[in-house]
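Participant: In case it's useful when we look at the structure, here is the feature table from TrEMBL:
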DOMAIN    649-720  domain 'DYW'
REPEAT    68-98  repeat 'PPR'
REPEAT    99-133  repeat 'PPR'
REPEAT    201-231  repeat 'PPR'
REPEAT    232-266  repeat 'PPR'
REPEAT    333-367  repeat 'PPR'
REPEAT    434-468  repeat 'PPR'
REPEAT    469-504  repeat 'PPR'
Amino acid sequence: MSSNYYCALLKLCSKARDQTQAKKLHCHIIKAFVNPETFLLNNLIITYGKLGNIEYARHVFDEIPHPNLFSWNTILSAYSKLGHLLEMQEMFDRMPNQDGVSWNSLISGYACYGSLVEAVKVYRRMLKEGLVNLNRITFSTMLILCSNQGCVDLGRQIHGNVMKFGFLSYVFVGSPLVDMYSKMGLVYDAKRVFDEMTERNVVMYNTMITGLLRCGMVEDSRQLFHGMQERDSVSWTTMITGLAQNGLVREAIEMFREMRLQGLDMDQFTFGSVLTACGVLLALEGGKQIHAYIIRTDYKDNIFVSSALVDMYCKCRSIKSAETVFSRMTSKNVVSWTAMLVGYGQNGYSEEAVRIFRDMQRKGIEPDDFTLGSVVSSCANLASLEEGAQFHAHALVSGLISFITVSNALVTLYGKCGSIEDSHRMFNDMKNRDEVSWTALVSAYSQFGDANETIDLFEMMLAQGLKPDGVTFIGVLSACSRAGLVEKGHQYFESMAKEDGITPLPDHYTCMIDLLSRSGKLEEAKTFINKMPFHPDAIGWATLLSSCRFYGNMEIGKWAAESLLELEPQNPASYILLSSIYAAKREWDNVAQLRRGMRDKGVRKEPGCSWIKYKNKVYIFSADDQSSPFSDQIYSELEKLNFKMRAEGYVPDMSYVLHDVDKSDKIKMLSHHSEKLAIAFGLIFVPTDLPIRVFKNLRVCGDCHNATKYISKITKREILEVASHDDVVQYAQIKWQALNLVDVVETEVELILQLAYN
């Protein structure tokens, strides 16, 4: 068999990435040829180089009796492409002579692996050696290096050399020159180079369009695109991607449809961009149609496209479809896993997000900073301090703690779990902080209930020239509400739009309703609501209704209850809060009438429950719960506590019992609330050096909160109450050191509103 036959087989091995077959062929060559041709051995070096086996490549080179220039360049190129820079330089220096390929391999090796200084040294040395070896590949490589490293001054020098030595007419040089300027934001310089080119091909046009879109010059890119005599699939994909990135997602989808009608081939980037646009628009049906089209193409199993499909379905809140695509993927990378994890988190499936992160780890996929930050955020939503702390440890071991996305998520985690000291410590340990970092800490102190510290941090943030966003204002407005700083809260609310250009969302208006009504300014709250550009949401009405209950304002309370009922007829909050107003005034007939109304309309109050984590197990309690195997110990502990509490001055708040029963029965009902059962369990089993964390599915009962203060003082234990329901999160931390029993929050219901994306 001839050398050409073996060379053809070696090319097939390279294409198939089959190193075993390449070695077998090598053995056949040794047996078949006593003195193989240099041509054949050069092909062996090329094959081993492409397969990443530099040792075998070097061994073959060393066996060549009289290597030619091509042999030297082949082994040099292998060292260059595989990043063996020391060996590459040594081989170059040993060469009896060099040509342009030799010099370009050396420059490319340093450039590809980020050795800017060495690449520039070689380039300058090449110029001194003479211009004979200088070619378009040299300039293209150097321009790409300047672009990747952001070296605009060096890039301009290379541009000068390009013009000086007459290479500007080469499209192969012009395209990276245009790309370099546009990537550095110098789009007008890029346009000048483009206009000066005597010859332009479709690649040059695509590069210029990319640069214009990257700089937000959409109209210029449109004109250039429509002025092209010839467009390829890359041209269309470039426009679709650029339009989507510039927020013109509808236009991006329309361009995709037009591209499809013209019968052009689409690649993974085309599908990825249009699916991203569908996700932004929540265009589920459009996304499904594109999915159906993808199934009929060669990209149905493409990992990039499948990941984009998962992301699109998650953004469109079709989590089951996302799971189906994810489960059918033949291969998955960190992007795929992260898309599913983030999708779970964004759709409220935080437990599933944590689970899939564990699955990802078991599969041996290493998370990146975005993945780890996302799973920490899911732990924050679950208020799962234990798991969050484990991920903190993972971040420290892996080094991902240095990424601001991970650190910000940890600041939020500790804040949401009530560990304010850890949250602030994490913030202080950060080498770099951005607006999100400050917002996370402001929100943490706001949730914790420290109004003064929240406002101080906010003012410090402004003093550093950082721009707050809508989430930041949620925290600071909530803090003003807690501290009763009505005027200051008004000032912050007004500055949102005037100074920061933030359009207030329903959550901001709800904070203002809470600010006014909590301070007893119920009439002002009503006037504020009537002037709002839209009606309050359910939380806004419930906030006002809660304050009406506290201040006993029946008139505005009825108005709020009726409005809430009109908005959400099946929401039990209006019935419960209005019932409590009637019960406080001992109007039991009206209480009974409301209950009948609930029964007739099929409205059911979600049963309240509390739970506590102990040794990685969750213990759940409901009112008057007797199901726990520790019931005898728990109720015995409660009896002792009740006796000590009464001695300290605790008086049960009967207004929280919405039943017309004897006083003794009311006291018994209050003493057996789920939260008190959970606290008693914690006192028995949780070590004394740890805080007791009680979680609730509903808001904290005022009497339970008041009782908890006394329990904390009597037992000298720190107790953290965490209550969440839909978008409402409540935190209360009570420390026995506060001997005057002034705790972080007031006894009335606390509404700390969090935007969905926080």
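From the backbone N, Cα and C atoms, a Cβ is placed for every residue, glycine too.
Unlike curated entries, TrEMBL annotations are predicted automatically.
Predicted, not measured: the structure shown is a model, and the values here were computed from it.
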Participant: Mind checking which residues of the chain, 6+ beyond the ends of the repeat 'PPR' (333-367), have their Cβ under 8 Å from one of its Cβ atoms?
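Facilitator: Sequence-distant neighbours of the repeat 'PPR' (333-367): 303-304, 306-308, 310-311, 313-315, 317, 319, 322-323, 326, 374-375, 377-379, 381-382, 384, 387, 398, 400.
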Participant: How does the model score the repeat 'PPR' (232-266) in terms of mean pLDDT?
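Facilitator: Mean pLDDT across the repeat 'PPR' (232-266) comes out at 90.
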Participant: Please count the residues of the repeat 'PPR' (68-98) that DSSP assigns to helix (H, G, I), strand (E, B) and coil.
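Facilitator: So the counts come to 23 helix, 0 strand, 8 coil.
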Participant: List the helix, strand and coil residue totals of the repeat 'PPR' (201-231) as derived from DSSP.
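Facilitator: Counts, helix then strand then coil: 22 helix, 0 strand, 9 coil.
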